[in-house]
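These features come from TrEMBL:
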type	residues	note
DOMAIN	10-127	domain 'Response regulatory'
MOD_RES	Asp59	4-aspartylphosphate
DOMAIN	162-255	domain 'HPt'
MOD_RES	His201	phosphohistidine
Amino acid sequence: MTSAAATRPRVLLVDDDAAIRRLVDLALEDLDVDLVCCADGREALDAMRQGPARLVITDLMMPGISGYALLQQLADDPALRGGARLAVFSAGLNAQAKERLAGLPVWRLIDKPTPVIALADIVEAALQGDAVEPADADAPPHDAGATAVSAAAAIDAHFGGDAALYRAFLASCLLQFPDDLRQGDAAVAAADAPSLRRVAHSLKSVLLLVGEAEASDTARRLEHAAEAADWDACHGPWQALAATLRRMTGDTPAT
């Protein structure tokens, strides 16, 4: 840690999706914070042992140590947690998830996707020591009736009208999509439902953020089918998603 970073409030982001890590990095780039990005709960625990954090923002569904397990470990070890506020940033904040989180010291629930301006506001509120809110005091939820259906709509809905910020995020997504394709194809070939579900779970938020609402809905259906290990219902949505990712990256199979 550099001396400059050591003087700034430390914020840990825990998410296995590289595109989401890039989104939060872009959202917070104007804030005077030391953002530490972790790909899973184990990396986050290692980072906490290296130095205190003011805020930990974690996804829930991750391989290895999940967000649930990370939150439980921090709750069980107050010395490790220190004064960090704990926030959950997830596309799966349904009633079942909230029930699992009950009793854990969660300061804020944040739905994916959340506009970048709202993300920055939430981080500022945490660092300014605003009064502790109950865990069900969510960030403003995404309005399903205002689903982005184009790049222009996505820029307005999720990026505060900042086209350059949108393009920077899209560029990072286009670099990630080939890996998503490989992971999805491998999961289908191996009949690995949990891995396919993780790919779909990630893509449903990312695709909505870049204005691909129909593909985001397809990813949502695939996530539900993979959760049920219903392979008959998985193949069609995955083929459609794979075609979308190839179109977006320009990787169209030869005919």
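The backbone N, Cα and C atoms fix where each Cβ goes, and this holds for glycine too.
Rounded to a whole value, the Cα-Cα separation of the residue listed as '4-aspartylphosphate' and His201 (phosphohistidine) is 11 Å.
Other C-beta atoms found within 10 angstroms of the C-beta of the residue listed as '4-aspartylphosphate' number 26, with every protein chain shown included.
Using a 10 Å radius centred on the Cβ of His201 (phosphohistidine) and all shown protein chains, the other Cβ atoms total 25. Residue counts for the domain 'Response regulatory' (10-127) under DSSP, helix first, then strand, then coil, are 53 helix, 24 strand, 41 coil.
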